[in-house]
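Q: The following block contains the structure, expressed as structure tokens.
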Amino acid sequence: MGDRGTSNHSEVTDFILVGFRVCPELHILLFLLFLLVYAMILLGNVGMMTIIMTDPWLNTPMYFFLGNLSFIDLFYSSVIAPKAMINFWSESKSISFAGCLIQFFLFALFIVTEGFLLAAMAYDRFIAICNPLLYSVQMSTRLCIKLVTGSYCCGCISSVLQTGMTFTLSFCASCTIDHFYCDTRPLQRISCSDLFIYRMVSFSLSSIIIMPTIIVIIISYLYIVSTVLKIRSSEGRKKAFSTCSSHLGVMSVLYGAVFFMYLTPDRFPELSKVASLCYTLVTPMLNPLIYSLRNKDVKEALKKLLEKRNTIV
């Protein structure tokens with residue numbers, strides 16, 4: 001163990017991001033794929049935020065949360081995608097110690113914030129369907145701001161703790177990260193420290209973060225399903241379920257990819273990279289599409305915005 005601890009993290013100035021282990025000819029194809037997906041992320045999420053901010057009819061708690069979801073998706077994908085695209089053309093594929101730390105911190109902040117925000121959105125749907133007469137009272141502007149602010153605070157606290165633990169580890173001489181961004185598991189692989197305590201603390205922290213959000217989501221939807229099944233008309237049931245289907249779709253993609261990523265054995269790094277793609281790029285790309293294509297209010301607001309723009313032109 002003494003030899004493993006000789007290389008301290010303070011001596012590290014750069015890391016190497018290996019990225020995807022494919023032949024060089026495929027780098028151009030992957031670059032174009034990343035560019036297309038990132039362009040759709042920018043267009044979809046900026047468009048969604050613009051629609052929500054400009055249409056007064058969308059000034060409701062549901063769209064307030066959705067606007068913040070688009071903001072989070074836009075920024076955490078922007079933490080990952082540009083650097084990954086640059087590395088497709090770079091010979092060194094290096095990232096500085098400070099750059100890796102900042103990337104790790106920002107990604108952890110936004111991904112955890114999104115988990116808490118999705119829980120808040122589930123609670124919002126629970127109130128809207130189970131207590132519709134009290135919705136405007138219970139889901140006040142003040143409560144919505146508190147829920148969003150609390151989500152960001154929880155994300156920030158979690159990110160500070162996780163980043164502090166990870167970047168006080170000692171790293172081996174190679175400093176080669178077998179991933180396309182700085183993430184927990186790839187950094188653990190190149191650590192020279194004893195990881196037992198780190199993993200225990202990290203697991204406990206992850207449980208404290210993930211379990212409450214999942215419990216809130218599950219309980220909210222159990223009440224929602226119970227309430228909807230009591231609605232006598234099939235049209236009423238269909239309308240109630242349609243307001244939740246988009247949210248369920250978003251949660252399924254995000255949590256499914258995260259669980260797959262962290263339940264996949266660490267000896268399959270390429271599989272982990274594919275799973276990481278789902279929640280770093282695919283989910284932020286799909287979220288605006290899911291909410292816009294399945295939401296009449298958003299489609300109507302988009303139509304009005306386009307008509308207004310054509311009139312000005």
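Glycine residues also receive a Cβ, built from the backbone N, Cα and C atoms like all the rest.
Found this in TrEMBL, in case it helps:
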TRANSMEM  28-51  transmembrane segment
DOMAIN    44-291  domain 'G-protein coupled receptors family 1 profile'
TRANSMEM  63-81  transmembrane segment
TRANSMEM  101-123  transmembrane segment
TRANSMEM  208-229  transmembrane segment
TRANSMEM  241-262  transmembrane segment
TRANSMEM  274-293  transmembrane segment
Q: Between the transmembrane segment (28-51) and the transmembrane segment (101-123), are there at least three Cβ pairs closer than 8 Å, leaving out pairs fewer than 6 positions apart?
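A: Between the transmembrane segment (101-123) and the transmembrane segment (28-51), which are separate recorded stretches, there is no contact, as judged by 3 or more close Cβ pairs.
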Q: For the domain 'G-protein coupled receptors family 1 profile' (44-291), what is the mean per-residue pLDDT, to the nearest integer?
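A: Average per-residue pLDDT within the domain 'G-protein coupled receptors family 1 profile' (44-291): 88.
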Q: For the transmembrane segment (274-293), which partner among 63-81, 101-123, 208-229, 241-262 gives the most CB pairs under 8 Å?
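A: It is 241-262 that shares the most Cβ pairs under 8 Å with the transmembrane segment (274-293).
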Q: By a Cβ-Cβ criterion of under 8 Å, what residues six or more beyond either terminus of the transmembrane segment (63-81) are in contact with it?
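A: For the transmembrane segment (63-81), the sequence-distant neighbours (Cβ-Cβ under 8 Å, at least 6 residues beyond its ends) are 34, 37-38, 41-42, 44-46, 48-49, 52-53, 103, 106-107, 110-111, 113-114, 117-118, 120-121, 124, 144, 147-148, 151, 180-181, 250, 280-281, 283-285, 287-288, 291, 297.
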Q: May I ask for the residues of the chain that lie six or more residues beyond the transmembrane segment (241-262) and have a Cβ under 8 Å from a Cβ within it?
A: 69, 114-115, 118, 121-122, 125, 128-129, 185, 214, 217, 221, 224, 228, 272, 275-276, 278-279, 282-283, 286-287, 290-291, 294-295
